[in-house]
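To keep things clear, I will list the structure first and then write my remarks on it.
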Ligand SMILES: O=C(O)C(=O)Cc1ccc(O)cc1
Ligand SMILES: [Fe+2]
């Protein structure tokens, strides 16, 4: 495992401010948006389609905390670009958009350094102001749109019709408390990781933040390499993975085969940390029960509440064996680290714990074994779950085997 200190030069003219939104190209945008609302607890916030004058593409925007997803589908027959994308990739992430303070300048920088222009800078306006955007290609058919919204005060983007429909199901379901997009991971074909990392350095002015190689990350059957790329201020983290040769097919290779190219493999959605009332000294099990029952008193909800409520909405998660928790208990008994949560409850919910960082992976969210979502809680820890990789990858491999793809 390597951590890096050299952030490279800071551009004096333009900064990344964070993830703006993630745009999916899917077969049926309305239904996909509805799934993310009922199963994951997002709220529908905006729409563009025939009724709003968008004649070719329909868009449904959903939001939870600061996480915004947009689902798009073509409206007309023979939309070659979108239908080719659909037949190659199935439903997937098309655009990981970044909020920036100067879209034109970042686009100019990227293009001058050899970046692929997908769309030159353009403006969109409505009564709430103006947004400047520009789009540059990244791995596979995936793109990054720079979104400059300093002069915009609307809920999302110009010319999205705000949602007035109140979903009657929503009030019957428990809130899932997802707050931020923590990282967005791109899988690359074999031996393409390094050139993609160099592209992030050169075209997007990102730097290497953290990495692991196949000697550190492997199971009995497979292995992978991963480098986390980040912008200068480390608000945006884009891990890049590639398969490494093992005895059986890597899960990264399985992704690339089913997605048809490099693409977004997973997005990690962050929950709050548990914040305890000062002076509150609970016993080891009452702590978690307190937080679930009275979370609003402590002002926040953590991963236990999120995963409990996501499960109650019918979401399925990876299965982690009891041996993982037995091993964790014995490691913790000789460590200074104290886990605030009740390990029995973490075990019941199949949550993985890398000291100070807790994560959880959902299985694929569409029929192809491509995109999945990770739920993560961090306690002052900016790492990636290196301590969990083996248990995690073995759990992923059991599912891969059930799909007939571990050979
Ligand atoms: O640590 C993290 O954030 C992870 O997401 C772990 C991970 C890394 C690579 C994979 O193919 C699947 C999961
Ligand atoms: Fe992750």
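Yeah, the Cβs are placed from backbone N, Cα and C, and that goes for glycine too.
Taken verbatim from TrEMBL:
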| type | residues | note |
| --- | --- | --- |
| BINDING | 183, 266, 374 | Fe cation binding site |
| DOMAIN | 18-149 | domain 'VOC' |
Residue 183 (Fe cation binding site), Cβ-centred 10 Å count of other Cβ atoms over all protein chains shown, is 21
DSSP composition of the domain 'VOC' (18-149), residue counts helix/strand/coil, works out to 33 helix, 64 strand, 35 coil
Please list, in sequence order, the residues in the chain of residue 374 (Fe cation binding site) that are at least six apart in sequence and whose C-beta is under 8 Å away from its C-beta. 182, 266, 267, 268, 269, 359, 360, 361, 362
Three-class DSSP secondary structure - residue 183 (Fe cation binding site): strand
Here the 10 Å Cβ neighbour count for residue 266 (Fe cation binding site) comes out at 23
Per-residue pLDDT averaged over the domain 'VOC' (18-149) comes to what? 98
